[in-house]
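For reference, the structure is listed below as structure tokens.
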């Protein structure tokens, strides 16, 4: 992992640790902040080593053996060779909402996850376009920071909600009446600000990485038009059937935001507008001398 990726990962972990410590301070002054710091250290450790497994578990994704999906493995292996990276494992997500994401801490430990719905609505060319996009995230070393952000943001949202309820119920002892009187306000701030912080973390991952993955993926597959058609199909399907049981903290990991129109997450755009992505793919095709 290069110096730039180490720096980005370190900044992300430091920011998330600081946010957890701030929550701890609101709840229990210096003692609460110290407990939050210890919790953050544990979370950072487990997030680095196990975040990919955590994300796959959230979506009940199952690793496929090659004999279960030989054609899919053939596509992934060929594109991975073209990209110059090891062939990642493939996971299937049991939902009819078409989408895909990549996870893992490095190219040697990567997984490309696709939904049942994606395999159902895309033809082979379009599927190659999507797979190439996800392999680009692996090649460009985006997957580690994307996965860390998803797990840590999810943890922050969970802790803040739990802390908010405890403040409402007066579950933290040892505080004076002034602190108790401020409990309701603290709970409101935690409940409101935690989802905002989680969405800001996703935005900080940089929407530019999606443009880069589109461009790199188009060059890997040699079919920018196929990726454009796939994006149109996925966008339409997600607008009709968004994922309802997933974790909004993972929105930035998917090729298209799967939570469109179903939650507070819609206020924060984790992806560039699909139409702009298609227009950029059109220009890429022209530069490659390929009909669009």
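Cβ coordinates come from backbone N, Cα and C, glycine included.
Computed from a predicted structure; not experimentally measured.
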### Task
According to Swiss-Prot, 133, 137 bind Zn(2+); identify which of 210, 232, 235 is listed for that same site.
210
### Task
Would you mind telling me which of 101-121, 185-205, 248-268 Swiss-Prot tags as transmembrane segment?
185-205
### Query
Whole-number Å distance between the CA of residue 210 (Zn(2+) binding site) and the CA of residue 134 (active site)?
10
### Task
Measure the Cβ-based neighbour count of residue 137 (Zn(2+) binding site), defined as the other Cβ atoms within 10 Å of its Cβ.
25
### Query
Between the recorded positions 134, 210, whose Cβ has more other Cβ atoms within 10 Å than any of the rest?
134
### Task
May I ask which residues of the same chain, at least 6 positions away in sequence, place their Cβ under 8 angstroms from the Cβ of residue 133 (Zn(2+) binding site)?
100, 213, 214, 217, 227, 255
